[in-house]
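Feature list (source: Swiss-Prot):
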| type | residues | note |
| --- | --- | --- |
| BINDING | Asp50, Asp118 | Mg(2+) binding site |
| SITE | Tyr88 | site 'Interaction with target DNA' |
Amino acid sequence: MKISSIDSIFAGWDGSITEARRLQSDMAERIVLKDDLNLLSEPTLLAGFDVGFEDEGRTTRAAAVLMNACDLKLLETHVVRVPTSMPYVPGLLSFRELPALLQALTQLSRIPALVFVDGHGIAHPRRLGIAAHFGLVTNLPCIGVAKKRLVGDFVEPGTAFGEHTPILLHGTQVGWALRSKIRCKPLMISPGHKISLHSALTWTQRCLNGYRLPEPTRQADRLASRRGQKIVSDLPSLL
């Protein structure tokens with residue numbers, strides 16, 4: 001899949017934390033929280049992305065997977081490695097991880113109708129988490145799937161599978177706390193771009209397959225964390 005120049009994504013950024021936060025606030029105003037037209041018909045391809053680090057953080061490892069939407073069958077897996085662009089700064093995860101994620105995206109042979117990213121969407125201090133930033137620069141519908149709360153408040157969902165409650169930030173809903181597996185902590189689900197709050201929840205639920213994480217980010221997480229290297233060897237023709 002081709003995308004615009006990765007170097008141009010941060011064009012004009014002076015590298016400062018202050019400017020990065022200002023850019024986040026500006027970009028957040030362009031986020032669309034309505035379902036993309038491709039989601040109104042039945043999407044056929046889903047993608048999942050996650051990031052890990054090597055060499056004591058000096059190398060960023062991004063994993064991308066492509067799968068069928070109908071049966072969650074894994075079609076492609078890819079891992080790319082790039083030099084880490086900046087140290088970890090709370091709230092600026094996308095500036096650290098996005099270059100690697102976009103490189104991983106270019107490895108996909110087909111364009112997904114919906115993307116799941118490990119991290120937050122609009123459930124973020126400036127409404128531009130990694131999933132929102134990724135969706136905006138790629139113009140792809142995107143959902144953020146996070147293991148921990150970053151911002152906002154929510155009532156703990158019930159203990160049954162599928163129970164969910166809204167995440168509120170300053171009185172506005174920015175996501176869902178979802179009990180994706182019994183006896184596990186809830187996931188933090190938030191729309192990234194070109195998808196509604198409701199659809200972000202329902203698509204995540206559709207992609208649950210007995211594990212805490214939905215399949216797109218679960219498979220990407222296994223690769224990014226090196227737990228899923230067998231997956232790569234199982235699909236040699238796609239790498």
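Each residue, glycine too, has its Cβ placed from N, Cα and C.
Distance from the CA of Tyr88 (site 'Interaction with target DNA') to the CA of Asp118 (Mg(2+) binding site) is 16 Å.
In terms of local Cβ density within 10 Å, Asp50 ranks first among the recorded positions Asp50, Tyr88, Asp118. Mapped onto three states, the DSSP output places Asp50 (Mg(2+) binding site) in strand.
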